[in-house]
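Report on the structure given below.
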Amino acid sequence: MGQQPAKSMDVRRIEGGEILLNQLAGRMIPKGAVTWSGKYPTIDHLLDHVQTMEEINTLQQQGAWPAGAGRRVGLTNPTPQEIPQPQWTPEEDQKAREAFRRYQEERPPETTTIPPSSTPPWKLQPGDDPLLESKSLLETHPLYQNPEPAVPVIKTPPLKKKMSGTFGGILAGLIGLLVSFFLLIKILEILRKLDWWWISLSSPKGKMQCAFQDTGAQISPHYAGSCPWGCPGFLWTYLRLFIIFLLILLVAAGLLYLTDNGSTILGKLQWASVSALFSSISSLLPSDQKSLVALMFGLLLIWMTSSSATQTLVTLTQLATLSALFFKN
């Protein structure tokens, strides 16, 4: 119990060589402070290193290098084990020669011979070679010939483009331009109303006249926010409109950011009631896409040609319809 098998002589020699190399290498590594500056070794370290290398060279020259211990310093074993070379006796050599000669005599001779190739003529007539009569190699090769179809193919003339498709595309483009134009007008109208509200908050009710009409420009009296072309306040008016538009975009971006972070306005409300409202609206909507487009276009026309109160109601209806469509999809 607890006993280990005895080590062989080769293992003991390898371990002894490793211990010897560790002791010799320990003397070569400088220990402690090298010099006062710490840059150069002292003479004692140099002599110790030279003495150690002389001892290693002496062991290597005498052949007393232990087997396998050279891996410690990266040297090969100076006395490797030689591979024994096979030794042939004269009788075995003669017997092998006789066996090879007998094999050569008993082996059957080769019967396959290559027939001599005839020298081709230098010139060929058109009737001698079918490749010369055809225009290309693909026409004579059977793999590249077009086989006859098993099923007859009926070729139909290409269909001509109808004018209705082209006219429909032009009409859709004109409708898109018309809708974009009216939307731009309505957006400018909304921005002007917001600008007028902004001016009314910062100015008294009796002093709503433009402050730039007395600067010498030949323009008629007008209110602030409705400056005509040529008035110095025209640029300031559109600058205020641009600032209001940027503020609206900033508010929309903030709502989108809150939506991405999960703290939306709908999240603060009762989601069950909102989803029930959207589901009821989506159940009333037609399933045909053309009917939905016609409904939205009709609501857009009503919004563009109605008063402010009606526009508010139509806008709320459009938002509810779009939300219901989003919820349905």
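Even glycines carry a Cβ here, placed using N, Cα and C.
Under the topological domain names given by Swiss-Prot, Pro115 lies across the membrane from Gly233.
With DSSP classes pooled into helix, strand and coil, the tally for the compositional bias 'Basic and acidic residues' (92-109) is 15 helix, 0 strand, 3 coil.
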